[in-house]
Structures are given as C-alpha cells and as structure tokens.
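A.B. asks: Quick one: structure below, then a few questions.
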Amino acid sequence: MMNILWSGYRSESAAGYPGVLIPLGEAHLHSHSSKSRLPSDLDDALTGQDGEGAHHHKDPANDEDTGMLLEMGTEPEYSIEGLRREVRRGNKGGEKWTDYEMKSKLINKAIQDIGMGRYNWQLFVLCGFGWFADNLWMQGISLTLPSLSAEFDISEKTVRYTTSFLFGGLCFGSFIWGIGSDVLGRRLAFNATLFITAVFGIASAFATSWAGVCFFYAALGFGVGGNLPVDGALFLEFLPDASSSLLTLLSVWWPIGQLCSSLLAWYFIGHLPAEQGWRHFVLSIGIITLIMFLVRFCIFQLYESPKFLLSRGRQAEAVAVVHGIAFRNGRKTWLTEEILDAVVDGLSSPSPATPRRRQHVTTRQRLSTATILKQRFASFSGDRLRPLFSNHKLGLTTAIIWFCWATIGMGYPLFNAFLPQYLSHGGNNNNGGQSAPETSTRTTNPEIISAETYRNYAITSIAGVPGSLLAAYAVDMKSPFLGRRGTLALSTLVSAIFLYLFVKFGTTPGWLLTFSCIEAFAQNIMYGVLYAFTPEIFPAPVRGAGTGVASFLNRVTGLVAPILAATVPGDGTTTPVYLSAALILAAFVGMVMIPIETRGRQRL
C-alpha cells in the first residue's frame, strides 16, 4: 500500500529549474522580504515600538521581552558573513546548534525571500483538504448518531460511545502519523491519511451492526487523526514567515467541512428512512474524501519537505526543492549547496583532530530512523520538556497553554459532537434548565430525526464560516484587545456565555438555532487562533515538544468527553452543555493570564 502511495516520488534536481538561480550579491534586488518591508517597519523594529506607541531601543537579535521570539525588520546582509549573522540570531544561551538546524534556518530565509506565490496558494488549498476532512468526518459522525440509535435500537446516551471509538482512532492516528512523517516523509503521510479515511469511511456505510460501525469509525479516525498535524506542519514548512497569519486562515476549511456534512445530512438523513439516510450520507462524504485524495495524488506535484530531505542526508534535493518553489512562483533564489556549506562551516567548531573536509562529509550524512525516533520520543522526556520551564514567564505560559488545550479538548466535543441530538429536542426537554428523567431506554426514534433538525444544523455551519475569516484579520490588528491573545480570549468568553444561554434560554427551536449560530461563529475564531498562536509561543528548539504535548492533551480529553456525556445523570441534554460551558470559561481565564503576545513577531 505504501509503495502505491509513494509511486509519485521523483528525485528533485536543481538542474530541472533553469533560470531561477541568481548570485548572492544580487539577492537584495529579488528578495520579496526586502521589497515588501516598509521603512516604518524597520524603524519600529529598531526602536521596539509597542502597541501603545512607546519607544525603546531594542536589539532584534537580543529580545529580552519573551526570550524566544525574533523581532522583524532587520535586513540581513546578502553575503556569507551576513547569512552567518542571520543564523546566529535567536541563540541567546550560546547553545550548540547542529548543522541540520543551521541549514534549516537558511532554507527558511530562502523561502521567505521567495515569498508567497502560486505553489504556496495551491498548497493552502490542498492542506485545507485535510482540515476540511477533519471536520467533515468529526461532525459527520455526530450527525449519524440519531440514525444509529434508531436503526440499532440503542439509547440516545449509549450511542454516544460511538464517538469514543472515533476519538480513539484520532489519538492513535495523530501520534503515529506525526512520527511517520518524520521517518517516511511528509509526502507519504500527506497522501495516506486521506486514502485511509476514504476507504474505511466508505466501508462504514455497509456495516451491519453497531459494533461494525464503531470499528470502521475508529479505523477512519486513524486516518483523519493525521490530517491536522501533518498538513499543518507541511504548510508551515513552506510558508514564509511574513505570511504566518495564513496558518490561521487555513482553519476556514474547518467550518466548510462542517457545512458540507450538514448540507448532505439535511438532504440524505433528513429525507430518507433512518436505516437508509445515514448510509447514503456516509457513502457520499467517503466519496468526497476519495476525490480529494485523487486530486492530491494524481494532479498536484507536491515537493517533499526540504527539512525532511536535510534530515535524510539529501541536501542537494532540499536545495532543488527551494529552486522548484521559486520556479513555480515565478521568482528567483540565491540558495545553493555551496552557500549552505560555506555558512555552516564558518559557524561550526570542529575539533583539531577533525579535518575541515571531513566535516563537509558528516553534514550530509542522513539521520538514521532510530535517531529520528529517539528524537521524537525524547520530545516527551523530562530533559526535553524542562527548557519549557526555564524561567518564570515561559513556564507560566507553557502551563497555561497546555491547560487551555486540555479544557477546550473536552469542552468542545461535549457540545458539538452531540449538537444534532440537542437540536432534535427543539428545546422541549430543557424544562427551564432542569434535567428531565430518562423515561425510556430509547429517546430517539425515526420521527424525531426530522429534516428541520438537519436544516438548522446546516444554518449553524454557515454561521461558523465568517468566524475563521474574521480570526485571520483580527490576529494582526494592533488593538490591545485583539491580536493573537485578545482575539483568542474574547472568542472563548463569548463561546462560554452562549453555551450557558443555549441551555438556560433555548426553550424553542428558534432560540436554539440563534444561540448555536453565535456559538459556531465564536468557536471557529477560537480554534483558528489557537492553532496558529500555540506554535508561535514556544521557543524553536522545543517547539515540537510544546505543541506535541498540547495536541496530545487535546485528543485525550476529547476521548473522555463522550464517556462523560454518556454517563452523566439525567437525560444528558443539559448537564454536558453546562460542563462544556464551565470548561470553556476556565480556558478563557487561563488565556487572559498568558503573558506573551506574538503579533508582529517572526518565527525563529
């Protein structure tokens, strides 16, 4: 199977992209970052202007404000010595960086100079397929719960365990594919995740028992689980630092996936018998996922990540990929193997017994699979995590951001995974916010699964789309109430408030729809900013460890959410939502305590 998915691989060569290479001395004439920088940007960077307009002198290579982020604005000299200065930036503790890390910084610089172009925007769409598929299936499975309850004669609360199998697959998939992309390459993981999701998603439409449905949902969850970590990391590795807000905009594909699910569910589940509607629905979104895989695999030429190629000792191919990006974008680049080696040789400190020429060889040796696995698992070791608590500010930030990921990971599915069930009650079971006793083992039947329920869910999904667009705009605004931290905190507070209002005052279908629409809008802002803000917070050397633990906590607490929803006392239509509101509110309290704002900063 892997050979089939990998069959599109071809070795890249810089010779295949004529006309893109320019001398290093002419790089400033073609650098996108130099052309797009305004004079005021340089002034702000050198004086350290803050959000309130205060000025103070600041050395961009020695920013003590966060101890982890590099201020934008200082143009490097396009010479070997100038590039060495660029590589040394951010190394405040005198730590020894490997040749791989230093060359990765040079590749980042080359990609920044090329700027956004055709290839990056194509990748934005194709990586968006992964986010689209994530919510297409996460929300799609929640839409099948009432039908599964009706067909297999399972109580409304018991059927919620179905989503536990999905989250189990998500946890396993995010971990395995995160490692797999480092060992086997981004390209294989990029294609395989959608392929696995499509195959098992289509197969689930033909399951003959609830146990069979749960098995196929867990299997497709294994594929879906790899989409966000693989696609997000891949997009980030090809994204110029100056366009980092596009990582927030990538989240717009999330509500579009939910919208697609809700419209198809409205058409199939809302108008067909319970035992037929969900099967047609699952089959249709499975086919959509298969089409997305075919577009990725058969139509688009995806370059392998230059950083992965460097890690495997394929430096020439890494340089060729940068040339390919410049060629596809109609730009020029100064990067060559000789420049990489010259810059790094001037920074390395070989022992007297190690000849300089011998070091040239060792920098091109590949990292073994065992080394990569050791590094990946070391991300969760005490030695790897300890730097995240090296000072008070960083330690506080790390603890808070992990807390926020954990509480949101549990609070979000407690509401969203069962929203079709909540809407199907039409506000009739709220009883002023008091839980009603469960009078029968089966509270959902074919008559309750109405087209109106799925129509309302579709409207809710539409309301969520502008949230991601607004998030991408607000994160770069200079208002003290917006930016990354302010936008994240405000959207989280609004989400918590309207979760409470949904239960307390959602006594009619109209009010339930109104509150759920506002909730969708706020939560899409919240998640869009959270995914972009988190990797910007952590220092580059331990960024993988910090974000990895955050993602792990999010998935694990998400796995617990369906179990809580299925075991809480009462009818299960009010307590889970109140609990969701409390968890989201707790996340808001944490967010306002984060001492770091990354707006206007460049990733190291």
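Here the Cβ of each residue, glycine as well, is placed from N, Cα and C on the backbone.
Relevant sequence annotations retrieved from TrEMBL are reproduced here:
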- 32-67: region 'Disordered' (REGION)
- 119-138: transmembrane segment (TRANSMEM)
- 123-599: domain 'Major facilitator superfamily (MFS) profile' (DOMAIN)
- 158-177: transmembrane segment (TRANSMEM)
- 189-210: transmembrane segment (TRANSMEM)
- 216-239: transmembrane segment (TRANSMEM)
- 246-269: transmembrane segment (TRANSMEM)
- 281-303: transmembrane segment (TRANSMEM)
- 394-415: transmembrane segment (TRANSMEM)
- 487-505: transmembrane segment (TRANSMEM)
- 511-533: transmembrane segment (TRANSMEM)
- 577-596: transmembrane segment (TRANSMEM)
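Give me the local environment of each listed feature.
C.D. replies: Listed as Cβ neighbours of the transmembrane segment (119-138) (distance under 8 Å, sequence separation of 6 or more from its ends, same chain) are residues 166, 190, 193-194, 197, 201, 220-221, 224, 227-228, 230-232, 234-235, 238-240, 243, 246, 249-258, 260-261, 285, 288-289, 292, 295-296, 300, 302-303, 324-325, 328-329, 417.
Over the domain 'Major facilitator superfamily (MFS) profile' (123-599), the average per-residue pLDDT in this prediction is 80.
Panel annotation: around the transmembrane segment (189-210), residues 1-2, 5, 8, 129-130, 133, 137, 148, 152, 154, 159, 162, 173, 177, 180-181, 216-217, 219-220, 222-227, 230-231, 234, 279-280, 282-283, 285-287, 289-290, 292-293, 296-297, 302 of the same chain, lying at least six beyond its termini, place a Cβ under 8 Å from a Cβ of the stretch.
Only residues 6 or more beyond the boundaries of the transmembrane segment (216-239), in the same chain, are considered here, and those with a CB under 8 A from a CB of the stretch are 111, 119-120, 123-124, 127, 129-131, 133-134, 137-138, 141, 162, 165-178, 180-181, 186, 189-190, 192-198, 200-201, 203-204, 207, 246-247, 250, 303, 305-307, 325, 531, 535, 551, 555.
Remote same-chain residues near the transmembrane segment (246-269) are listed as 116, 124, 127-137, 139-140, 143-144, 146-147, 232, 235-236, 239, 277-278, 280-281, 284-285, 288, 420, 449, 451, 454-455, 457-458, 460-462, 464-465, 467-469, 471-472, 475, 520, 524, 527-529, 531-532 (criterion: CB distance under 8 Å, separation of at least six residues from the stretch ends).
Same-chain residues lying 6 or more positions outside the transmembrane segment (394-415) and placing a CB less than 8 Å from one of its CB atoms are 67-68, 163, 167, 388, 422, 492, 499, 502, 519, 523, 526-527, 530, 534, 537-539, 546, 549-551, 553-558, 560-562, 564-565, 576-577, 579-584, 586-587, 590-591, 593-596.
Beyond the ends of the transmembrane segment (577-596), by six or more residues, the same chain brings 66, 69, 393, 396-397, 400-401, 403-404, 407-408, 410-412, 414-415, 422, 485, 488-489, 492-493, 495-497, 499-500, 502-503, 537, 564, 568 to within a C-beta distance below 8 angstroms of the stretch.
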A.B. asks: So are the transmembrane segment (487-505) and the transmembrane segment (281-303) touching or not, going by 3+ C-beta pairs under 8 A with a sequence gap of 6 or more?
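C.D. replies: Between the transmembrane segment (487-505) and the transmembrane segment (281-303), contact is absent.
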